[in-house]
Amino acid sequence: MIQALLVTICLVGFPHQGSSIILESGNVKDYEVVYPQKIPALPKGGIQRAEPETKYEDTMQYQFKVNGEPVVLHLERNKGLFSEDYSETHYSPDGREITTSPPVQDHCYYHGRIQNDADSTASISACNGLKGRFKHQGETYLIEPLKISDSEAHKIYKSENLEKEDEAPKTCGVTQTSLETDETIKMNFQSANNPEEDYVRKRKYIKLAVVVDNSMYIKYDRNLNDIRSRIYEIVNDVNVFYRLLNIHIALIFIEIWSHQDKINVQPMVRVTLDSFGTWRETDLLPRRSHDNAQLYTNVDFDGPTVGYAYVGSLCKPKHSVAIIQDHTETANMMASTVAHELGHNLGMNHDSGNCICQPTLCVMSETLSSVPFNDFSACSRVDHRNYLIRDLPQCILNKPLRTDIVAPAVCGNNFVEVGGECDCGSPQDCQSTCCDAATCRLRDGAQCDTEECCEQCRFRRAGTVCRAAKDDCDVAEFCTGRTADCPMDGLQRNGEPCQHNQGYCYNGKCPIMTNQCIALWGPDATVSQDGCFHFNENGQGDLYCRRENGVNIQCEPQDNKCGRLFCVQSTSTVQCNYRSSATDPDYGMVAIGTKCGDGRVCNNNRFCVDIRIAY
C-alpha cells in the first residue's frame, strides 16, 4: 500500500527560469518552484504505534520534482545533534551571566537521502518549511521556502546557480602543516588486531562548543533565536560531512557575548586565534567540559581569510579551537567553512593540486568555492588517519553513556541506550556481524560488538593491549577478559624521565625546551645558550618569571630557565630570540613541568624546584 502511494501521489512543479529573486541565501539565477508534499508513512508491519506527543516527527518523507522528475526525500531527525547536557549562555546588559538548559530534543533538524539514489545525502531544517541542501545524482541542490503568499511554494536550485556575494575569493589562513613538527610514523600495521588500527576504526564523538562574539550578535539584530537557529543549521550540516569519517558532532554549548567580547576579536587571525585559545583554556574549559570550541564573528579578517585553526590539535586545552568569519548568508556555505577548520584540528592540511573531488572542490581546499563541498579528498583522509595514529586523541572516544541519552530509545541511531545491547545503525548501513540491526540485540553466541576489547564478537583474552602507550608519558591499557570495554585511559606518573632523559613527564606530556622552540620558531630552532636566560633576572618588559597584580617579578638566578624561553635559529645571527603576546601572558614562556636542571622542573609558580617536591 505504501509503495502504491509513492507511485500515485503526483506533484505539479512550476519551473521558472531566466530571472532572479532575493532569497535568504542571496541572489539565485536559475531555480525551480516546487510544492513538496508530505507522504504519510507507517512503521514496519503497517501498525501505527502511539508515540509521545512531539512537535516534529522522528522520520518524514516528502515528494517533489527535481528537473521535472519526481523524487522522494527521506528524512530522519538528527537525534545526536545536541549533547545530553546541552546548555546556552548569554549576558545581561549589565554583564551578568545567564545560563539555561533549553529543551532541544524535539528539534527540527534532519539528515536524509533521496530514494533510489545510494550516493545521495541531505541536511534539512524543517522548522519553517524545508531549508537546506541535498545531493542527487552527483549534483548538489539547495531548497528553501519561497517567501510569497503561497506558503507551500519552495525554490530548488543547483548550488552553482547561487551568485557570489563577493567577487573576491575566500580562503583559509592556515599555512602550517601541524601544531608541532611532523613526526615520522614508525609503526607496523600488518596485524589487523593492532591497537592503533583499532583506534582508527572506532566511532568518534566531538562535543562542540560554539562561541558567538558581540559583532555577530549585533549583526543578527541582537536576536538570540535567530543566532541559535543559524548555529543549529550549520552544525547539523557539518555532521553530514563528518559521517563520512565515522565522526559524530554533538553541540554541547553555545555562548553568546551579548554584553561585550571576552577577548579582543581583531582582523589579525593569528592574534585572535591565540587569544581565543587562551580564553578557552583558562575560562571556558574550567566551567564547561567539551572537546572543541569555535568562535563565530562578523569581524572582517585581514585579506581574503575567513577561517583559521590549529592543525592536529584536538583535545589540547589551548589549541583545540578555530575562528570563523560569518562571511555568507548561506548556512550551508558557512557549514563548509566550519567543516574545513575542524578538519585542520583533526590533522588535515590543505589539498594540493593532486587532491581532487568531483564535481566540486574538496572540503580541505584552501580556496572556498561558491558551491558547498561534498567530500574529503583521499589526501585529507590520509592526513587524518596519520594524525589519529600519531596522537591517539582520547577525548573523542567518549561516547555518551546509556543513561546520558535523554531522547527516547531508538534502534538504528548508532547509540546504545538503556535496554539495548548494541546499535550498528539502520539495516541498510549496518556492517556488524555481531549486532542485529533490526532489534539492536547481539546475535546468538555474540558477547560484544564494537568495543575495544571485542574481537570477532567475543571478549579479547586478558592481557591483550587495547590502548597502546603513545609515548614515554603514557601507559598501555589491557583487556581484562571479562568485559568488552578497555579500562580507563591512564598516564605515566608526573616526574618520570622522558625523551631520553631530556625531560620529565607532566600531565601526560614531556615538555622540553627544544620542542617548545620548534613550535615557536620552526624546525630549525633550538634552545639558546644559558647566558640568554640571565635576561629574565631583569624583570623588565617581557623578561620575567611571573606577574603578580600586574607587576613583573624578575627571576632569581636559579629560576631563570622558568621565565621567558630563548631560542636560536640556524639561519639567524641573533642568539637570544624570544616571543611574547600582548593578549596572552603565557605565550613564549617556558612551559610548566619543563626540566630546568638535573632532577629539577618549573612548577606552577615558575620556580625551579626539586622533582621530588614538585608534584
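A Cβ is built for glycine as well, from the same backbone N, Cα and C atoms used for every other residue.
According to Swiss-Prot, the feature signal peptide maps to 1-20, an assignment based on sequence analysis.
Marked as disulfide bond by Swiss-Prot: C315-C395 (among others). The Cβ neighbour count for C315 (disulfide bond), using a 10 Å radius over every protein chain in view, is 17. The secondary structure of C315 (disulfide bond), as reduced to three states from DSSP, is coil rather than helix or strand.
According to its DSSP assignment, E341 (active site) is helical. Sequence annotations record features per position, and here Swiss-Prot assigns active site to E341.
Counted within 10 Å of its Cβ, the other Cβ atoms near C357 (disulfide bond) come to 18, all protein chains included. In this structure, C357 (disulfide bond) belongs to neither helix nor strand by DSSP; it is coil. What Swiss-Prot lists as disulfide bond is C357-C362 (among others).
Positions annotated as domain 'Disintegrin' by Swiss-Prot: 408-494. Remark: secondary structure over the domain 'Disintegrin' (408-494) totals 0 helix, 15 strand, 72 coil, with classes taken from DSSP.
The Cβ of C411 (disulfide bond) has G420, D423, A437, A438, T439, C440 as same-chain neighbours under 8 Å, each 6 or more residues away in sequence. What Swiss-Prot records for C411-C440 (among others) is disulfide bond, and it gives similarity to another entry as the kind of evidence.
Sequence annotations record features per position, and here Swiss-Prot assigns disulfide bond to C422-C435 (among others). C435 (disulfide bond): 25 other CB atoms within 10 A of its CB, across all protein chains.
The feature disulfide bond is assigned by Swiss-Prot to C424-C430 (among others). In sequence order, N414, C430, Q431, S432, C435, A437, D449, T450 are the residues of the chain that are 6 or more apart from C424 (disulfide bond) and have a CB within less than 8 Å of its CB.
What Swiss-Prot records for C453-C479 (among others) is disulfide bond. Less than 8 angstroms from the CB of C479 (disulfide bond) sit E452, C453, F459, R460, R461, A462, G463, T464, V465, C466, C486, each of them six or more residues away in the same chain.
Among the features that Swiss-Prot reports, disulfide bond is placed at C466-C486 (among others).
Counted within 10 Å of its Cβ, the other Cβ atoms near C473 (disulfide bond) come to 24, all protein chains included. Per Swiss-Prot, the feature disulfide bond maps to C473-C505 (among others); the stated evidence is similarity to another entry.
Of all Cβ atoms in the protein chains displayed, 23 besides its own lie within 10 Å of the Cβ of C510 (disulfide bond). Taken from Swiss-Prot, the feature disulfide bond applies to C498-C510 (among others), supported by similarity to another entry.
Annotation source Swiss-Prot lists disulfide bond at C517-C567 (among others), citing similarity to another entry. Sequence-distant neighbours of C567 (disulfide bond): residues of the same chain at least 6 apart with a C-beta under 8 Å from its C-beta are C517, L520, W521, A525, T526, V527, S528, N577, Y578.
When other Cβ atoms within 10 Å of the Cβ of C555 (disulfide bond) are tallied across all protein chains shown, the result is 25. Summarising the annotation, Swiss-Prot assigns disulfide bond to C545-C555 (among others) and lists similarity to another entry as the type of evidence.
Taking Cβ-Cβ distances under 8 Å and a sequence separation of 6 or more, the neighbours of C608 (disulfide bond) in its chain are Q558, D559, K561, C562, C596, G597, R600, V601, C602. Summarising the annotation, Swiss-Prot assigns disulfide bond to C596-C608 (among others).
Annotated pair C362 (disulfide bond) and C545 (disulfide bond), C-alpha to C-alpha distance, rounded: 46 Å.
Here the disulfide-bonded residues are C395, C498, and the one ringed by the most other CB atoms within 10 angstroms is C498.
Ranked by how many other Cβ atoms sit within 10 Å of their Cβ, the disulfide-bonded residues C422, C430 place C430 at the bottom.
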